[in-house]
Amino acid sequence: MKRLKKLLSHDRWILPSFRQQKSGLFWSIFLNFMITFAAGALMFVSGFLISRSAQHPSNILIIYVPIVLTRAFGIARPVFRYAQRLVSHNWVLRVVSKTRKRLYESAASTASSIRGQLQTGEVLSLLADDLEHLQNLYLRTIFPLGSGMVLYLFLTIAIGSINWLFMLWWFVMLAVILVVVPLLSLTMNYKGVQQQKKLQQSLYTDATDAILGLQDWVLSGRQEDLVQNQGETMSKLAHVKNQSMKFGWWRDFVIQVLVLALTITTLMWATNQFSGSASTVNYIAAFTLAIFPLIDSFIAVNQGVSESSFYEDSIVRLNDLPEPTLLQETRHTTNSAVINFNQVTFKYGDKTIVDNLSFEVQPKQKIALLGRSGAGKTTLLKLLAGDIQSSLGEVTIDETPVQNLQGNMSSLVAVLDQQAYLFDTTIMNNVRMGNIHATDEQVQKSIEQAGLQPLINSLPNGYHTQMQEAGTRFSGGERQRFALARIMLQDAPIVVLDEPTVSLDPKTEYEVLSQIFSVLKDRTIIWVTHHLTGIENVDKVYFLENGKFTLSGSPAELHQTSARFKQLLLMDQY
């Protein structure tokens, strides 16, 4: 509980929702209390009515009021329950909806940095599991705990107005049931909860890895190993959940024993208090029976507090996310963007990935970044996109830092990577993702510019042909051309080519590169590659090694002056 309290003291996600939605929170807790009050009142009046009826009253009018009250409280309880469910779920869904939107905006604005810090399975857990935990935090902890404390206060005052000594007994017993037992169960069950969360997280990560690498599992003939690994984790998780369930049973049993002790002492007190006359003896059954509806409320409070440790990691992860920032919207006209790297250094820990680089890319200029794997080429692209921030120096587009252009980055920079993802929908829909406001004519024109018209004409359904999952019905070269059509429709002045032909055969690679540089002749191109096929299409080549440029110049200049360049060019011809 101390850990949760410490987390909430610096919270930016949970407590603000309480302040913003105070009225809904108040009515949810109040109606939750009224459910228990109506149930207790129903049993109180019913106990009195049964006991009084057993005395054979001379006139039914004598018990008319208890009859009416029994009916009233009997109707009130489900009405309050319905109203409470309506109000509480409306409140929770509104809060979670706003939280989901805020979470998405935060994750989207720093998608690359989050991806660098968390595994894909952890991101899935953040976006799905954590929001469900927040929903349970409100419904199963906050509301029952709030109404339980109100009930505690109400019972103490109500009994104290009758007998203050007996009130002290109730005060102590309720403190044990509502405070001591929950805190003890929270402490005792904490290790099991942490183990359950760890296994759940492992299941997310392993399942994500299994799905992403499913083809390799199948090709290696290790499907049984995959199923066995997943099955072992799920079995461990089921065992831990079963242990937690058994612990919950024992906790509830202890609570019911305490309630039994409270019931017996209440029966003894009521007998001593009200057995003096025939007119008051009926209250013995009334007070005793009124205790039983309280059990559900007590158990709900204990269960909610015991589960509070489930929500710690969710709250920590949410508060570790950066706040969505209002990003500067700077509009650029096509082909006007000047890119400038000014003494840029980027370090990952103690390792320098990019070391004091400075260069400029003019509008419509085509450059190639060459280098071995790990040389820093992809880091330069991330710096350009603003996904990561340089340790020193600055990256600008038209003299504006790229961090201030995140809200407009998709209209400035388009990316064609090694394997552009195509969705299981029509060709038109896949290409239109480059610009969802484009007309059918504009989409068709971009497809034609990408050299796909003959392919479209050969398909029975033409533009409305289903791509299938990941575009598997088409070849690698065709998929890259569809991605090129999407970029044409996006109409960004800067195009980043991140080894888009690495998985293609030499003939298809040459054709695709020729098509790319032909249709993008009026765009600025930054091409990351590790070999020199098609290098004649660029204006300038940069060789990146150990975070620095060791060689730069036009292809023609380097062919004349660099033996290394000529050797690499010769190797790529064979």
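Each residue, glycine too, has its Cβ placed from N, Cα and C.
Annotated in TrEMBL:
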type     : residues : note
DOMAIN   : 26-298   : domain 'ABC transmembrane type-1'
DOMAIN   : 339-571  : domain 'ABC transporter'
TRANSMEM : 25-49    : transmembrane segment
TRANSMEM : 61-80    : transmembrane segment
TRANSMEM : 142-162  : transmembrane segment
TRANSMEM : 168-190  : transmembrane segment
TRANSMEM : 253-271  : transmembrane segment
TRANSMEM : 283-301  : transmembrane segment
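By the Cβ criterion (distance under 8 Å, sequence gap of 6 or more), the transmembrane segment (142-162) is counted as touching the transmembrane segment (168-190), at least 3 such pairs being found. Within the chain, the transmembrane segment (283-301) has long-range Cβ neighbours (under 8 A, six or more residues past its boundaries) at 36, 39-48, 50-51, 140, 144-145, 147-148, 151, 155, 177-178, 182, 252, 255-256, 259, 262-263, 266-267, 269-271, 273-275.
Long-range Cβ contacts of the transmembrane segment (25-49) within its own chain (Cβ-Cβ under 8 Å, at least 6 residues beyond either end) map to 18, 63, 66-67, 69-70, 73-74, 76-77, 80-81, 83-84, 87-88, 91, 142-144, 146-147, 150-151, 154, 282-283, 285-294, 296-297.
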